[in-house]
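According to TrEMBL, the protein carries these features:
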REGION    41-71  region 'Disordered'
COMPBIAS  49-61  compositional bias 'Polar residues'
BINDING   Glu170, Glu209, His212, Glu313  Fe cation 1 binding site
BINDING   Glu209, Glu260, Glu313, His316  Fe cation 2 binding site
TRANSMEM  224-247  transmembrane segment
Amino acid sequence: MHRPSIALLLGRASTTVFQPLAIRNVSSTIARRAALSTAAKEAGKPAASPNQVSANNASETQTEKHDALTTPTAASTVPTMVRGDWVLFHPVYSSEELKSVEVLHQAPKNLADKVAAGLVKLARAGFDLVSGYKHKPLPPDYKQWPIQKLRDEGYILDDKAWLLRILFLESIAGVPGMVAATLRHLQSLRLMRRDSGWIHTCLEEAENERMHLMTFMTLRKPSLPFRALILGAQGVFYNLFFLSYIVSPKTCHRFVGYLEEEAVYTYTKCIKDLEDGLIPEWYADYGNSAHMKKQLIGDAKMIDVIYAVRSDETTHRFVNHSLANLNPSNDVNPFALREPDMHTKGKQIAFERDEAEAYVQESHKLLGKK
Ligand SMILES: [Fe+2]
Ligand SMILES: [Fe+2]
């Protein structure tokens, strides 16, 4: 396992598995800025911002071709340009947690849930059709089949088709969290009342999805038609989701929960294909350094990256289905202070409202409040 590398790639600087309450609650930015300030005083210079330090680190490792402020490519955050922890809170998983994810489904509770589930199924069917993806079950003797034959007959995707699918889905998945955070932020300003911790969790999800996209972007330069497709899809989806969230935030979180169910299913299928040796471009024991290099993102193995991303999607599944069980007008976000680990999120689809309440009470006890 290349755990620290995955952590870095996905914007995770911490390798701590359990984030104590204090770290979740108190921004690490404050501690980081204090450390930077002290270091600068010792050196007799004015304090640098975290970004300046990142740039300074980068300049040490940059080739002479680029200066420290200019990103050479859209995906240049991975190798050397950006250093330091400037991302929002994000769970970091142990090896056992990465493997404890199950494909689960939340049964619709009312008509709105049924509509949300139906829309996700429709979107998935449409995207499968456009991208030529078929849900053909593998033949029983597929291990005897040549990989090319399985691909030609539509049983499995090749590495390029997988990547295209992942990039498109991640570019869409980053939208809902930002829309929800924006609308709740505006509502808080408009009504002059506190938000009860929802904004932060929504922003964390949006950033986490964007990090997925940036990570996979290192494997591909997008073509113009692909960019146009994403532009069109984003334009339509952002506005539709924006209007829908104004009408029914609960249904929108349920919709995202169902979307994340599909993401967990897709990445689980990808992991199975990888471990079955059906995507040798990404995961095979060639024992040859040139081939091995192609299987890496940065210096992390593709299989480890996919496991980590699947765990993130499982977090989104759990959080959104749980938020859909709450009253978005008055209930506190139970995950504002901490989140359950993957042994819960991977095996339970969501917290019901009473479980969320018990979880918040437990958080208060941990904080030493009555
Ligand atoms: Fe994602
Ligand atoms: Fe997700």
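Backbone N, Cα and C atoms are what each Cβ position is placed from, and that goes for glycine too.
Note that the structure is predicted; figures quoted are calculated from it, not measured.
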Fill in the blank from the handout: Going by C-beta under 8 A and a gap of 6 or more residues, the same-chain neighbours of Glu260 (Fe cation 2 binding site) are Ala173, Glu313, Thr314, His316, Arg317, Asn320
Completion exercise
Per the Cβ under 8 Å criterion, with at least 6 residues separating them from its ends, the transmembrane segment (224-247) contacts 164, 167-168, 171-172, 175-176, 179-180, 183, 255
Exercise for the section: List those of the binding-site residues His212, Glu260, His316 whose Cβ lies under 6 Å from any atom of ligand 2, in sequence order, or write none if there are none. Expected result: Glu260, His316
Problem - Where the C-beta lies under 6 angstroms from ligand 1, the matching binding-site residues among Glu170, Glu209, His316 - result: Glu170, Glu209
Handout entry: Sorted by sequence, non-Glu209, Glu260, Glu313, His316 residues with Cβ within 8 Å of centre, Fe cation 2
Key = Ala173, Glu205, Asn208, Val256, Leu259, Ala263, Val264, Asp312, Thr314, Thr315, Arg317, Asn320
